[in-house]
Amino acid sequence: MSHTSRVFFPPAFVEQMQQLLPDADEFQRFITSSQLPLRRSLRVNTLKISVDDFLTLVEPYQWALTPIPWCQEGFWISRDDADTLPLGSTAEHLAGLFYIQEASSMLPVSALFDGGDMPQRVMDMAAAPGSKTTQIAAHMGNRGAILANEYSASRVKVLHANLSRCGVSNTAMTHFDGRVFGPALPECFDAVLLDAPCSGEGVVRKDADALRNWSQSSTEEIAATQQALINSAFHALRPGGTLVYSTCTLNTRENQQVVNGLLEQYPDAVKVEPLDTLFMGAERATTAEGYLHVFPHIFDSEGFFVARLRKVASVPPMPQPGYKVGKPPFTPLNRVQQQEVIAAAASVGLRWDTELKLWQRDKELWLFPSEIEPLLGRVRFSRIGLKLAETFPKGFRWQHHAAVALADAASANAFELNSNEAEEWYRGRDIYPERDLPASELIICYQQRPIGIAKKVGSRIKNNYPRELVRDGKLFTL
């Protein structure tokens with residue numbers, strides 16, 4: 001059976017899908033749906049703004065926002081101005097008020113926190129570009145700690161940029177093959193999300209050529225990697241903890257069989273927690289085992305698979321790694337030093353929760369989530385928490401990323417930009433406001449939300465927006 005649509009379907013893939021969807025009408029719905037444009041969707045970042053306040057803020061734009069059933073913060077979006085202004089160039093996106101995220105990919109984190117679970121230490125084993133890490137951080141309210149790992153070096157920078165834009169402060173980043181965590185950090189996490197690398201069969205609506213390199217042999221190779229990763233994730237999970245395994249592919253080899261492989265290996269230590277009541281209508285995509293197997297035609301979305309597992313008992317540990325990590329190059333501040341920094345930061349409108357602790361490396365001051373401290377020296381971190389400031393004989397140079405996460409828009413030194421000035425800010429240009437500036441160090445705000453920190457130099461605001469984030473092209477002033 002051949003298809004001459006814009007989407008490339010390998011014959012063996014079509015045969016596989018016919019076996020998965022033996023009803024001819026349903027199979028045809030799958031084929032038809034897979035060739036339709038994917039609906040755009042976003043998730044409101046509640047670290048920055050409530051859903052109600054966001055809806056009020058964007059109401060003048062006349063965006064058509066349809067709630068996503070499995071994510072209270074998620075909406076499908078239709079815009080009349082989509083051709084004139086990219087969604088990623090809107091002021092609300094640049095300020096981290098929302099994340100452009102495919103609807104199905106919101107499912108794994110919703111499953112992770114289903115039933116009121118509130119883990120204190122979470123690992124996102126394959127984290128880039130950051131949609132799920134930022135979603136986890138929002139669920140946790142920036143409390144506790146997240147270890148966000150990404151194996152692909154080219155994606156680590158994107159992960160950090162998204163964490164920063166969204167004001168995430170409770171995350172430590174690593175850059176490893178996920179197979180290291182079971183041996184290196186056994187029983188260290190209350191929850192683990194493994195959104196596993198996969199063959200991507202569910203993303204053809206976004207990429208018509210996604211299946212060009214598809215083959216059953218490559219599926220087998222990928223599944224072997226997934227099996228090793230889920231085993232590592234399970235060992236890193238403490239007894240009583242939750243493991244969510246997900247992919248954006250459709251075949252059972254990378255989905256049900258990988259999860260069932262873990263169940264067969266540890267039959268007395270793993271319990272499946274069914275997802276049929278995760279949201280209204282979830283039973284339409286629930287398998288006999290209790291997993292979610294979302295085909296594109298069921299909810300008019302990408303294809304996705306999600307399983308939620310509970311670790312009910314310890315298992316024999318994996319062999320310990322032979323390498324030594326070495327002592328991290330940071331030292332905690334003493335109480336007097338902490339009080340000095342806290343007071344200085346508060347004077348410019350920067351405040352943080354007591355779960356964040358002050359550490360120093362040379363002239364750099366950092367805020368580490370305290371939940372990550374027991375892991376220091378056990379794996380090498382590429383970045384931990386927030387860089388707060390650099391120290392100088394005359395004071396501190398406060399950092400942009402810390403301001404975005406910690407600044408108080410109601411502080412005395414907050415300065416609200418108009419839309420033209422905000423555009424100039426994101427373009428990396430100094431600003432020349434025609435009104436008085438309240439202080440020498442300013443929390444820069446737009447729409448009553450902090451978007452950076454800057455110094456007053458005479459009558460101008462010296463732009464401190466990071467060079468790597470500076471935007472060109474059309475921005476939000478139409």
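Yeah, the Cβs are placed from backbone N, Cα and C, and that goes for glycine too.
Swiss-Prot has this to say about the protein:
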type: ACT_SITE; residues: C248; note: active site, nucleophile
type: BINDING; residues: A126, A127, A128, P129, G130, S131, K132, E150, D177, D195; note: S-adenosyl-L-methionine binding site
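By the criterion of other Cβ atoms within 10 Å of the residue's own Cβ, the least surrounded of the recorded positions A126, G130, K132, D177, C248 is D177.
Between the alpha carbons (Cα) of G130 (S-adenosyl-L-methionine binding site) and the residue listed as 'active site, nucleophile' lies a span of roughly 15 Å.
Across the structure, A126 (S-adenosyl-L-methionine binding site) and C248 (active site, nucleophile) place their CA atoms 13 angstrom apart.
Within 10 Å of the C-beta of A128 (S-adenosyl-L-methionine binding site) we count 23 further C-beta atoms, all protein chains included. Binding-site extent for S-adenosyl-L-methionine: residues A126, A127, A128, P129, G130, S131, K132, E150, D177, D195, maximum pairwise Cα distance 20 Å (rounded to the nearest whole number).
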